[in-house]
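Annotated repeat 'Solcar' per TrEMBL: 22-110, in sequence order. Annotation comment: TrEMBL describes 79-108, 128-150 as transmembrane segment.
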Amino acid sequence: QAFPLEDMEHVSNKDDVKTSLRKVVKETSHEMMMQCVSRVVSHPLHVISMRCMVQFVGREVKYSGVFSAIGRILKEEGILGFFVGLVPHILGDVIFLWCCNLLAHFINTYAVDDNFSQASVIRSYTKFVMGIAVSMLTYPFLLVGDLMAVNNCGLRAGLPPYAPAFTSWIHCWRYLSAQGQLFRGSSLLFRRAPMPATCFPID
């Protein structure tokens, strides 16, 4: 049985879309695994760097260097002290990768017309633009992870009255959400000031 040329082209295009989607899913899965492994490996250094920076708030010298910080954290918190705030960071990375790659794929496939002369140029920037947009949505995961890295660690900035002592990253998320501060620090141009009732005294 002979099929019209238009039907054959339609079937071929559908197969190409399915193949390209499978390729995107496969590549994103591989990228996600690599990102998770690299996050786990590098997170202890991230915790140390956050605490070294935050101790400036209280003019403290609890962590004087990488090796002293490693010994201090091991002594006070054990191995798990190096991985506080890891879960929200990983969740943010995973959501960012999947949303960014899938959105870029669907926009390049269905929204950009092949007949447009600048289609290839637009497709080359789609993933970059999606990365900026999605990063704004996943910013709360980064914020919660960083707050948990310094929370209740003995530094003044991570203890009341400067900050509440959170029992988990979910507790931290709910607190920030209730205070309307999930996106604090996300803007490059404007500053989100907390409500007067929730301000913490600073010496």
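A Cβ is built for glycine as well, from the same backbone N, Cα and C atoms used for every other residue.
Bear in mind that TrEMBL entries carry predicted annotations, made automatically and left uncurated.
These numbers come from a predicted model, not from an experiment.
With a threshold of 8 Å between CB atoms, the same-chain residues lying at least 6 positions outside the transmembrane segment (128-150) that come near it are 46-47, 50-51, 54, 84-89, 91-92, 95-96, 99-100, 103-104, 107, 157-158, 163, 166, 169, 172-173, 176, 182-186. Residue counts for the repeat 'Solcar' (22-110) by DSSP state, with H, G and I taken as helix and E and B as strand, are 74 helix, 0 strand, 15 coil. Across the repeat 'Solcar' (22-110), the prediction's mean pLDDT works out to 92.
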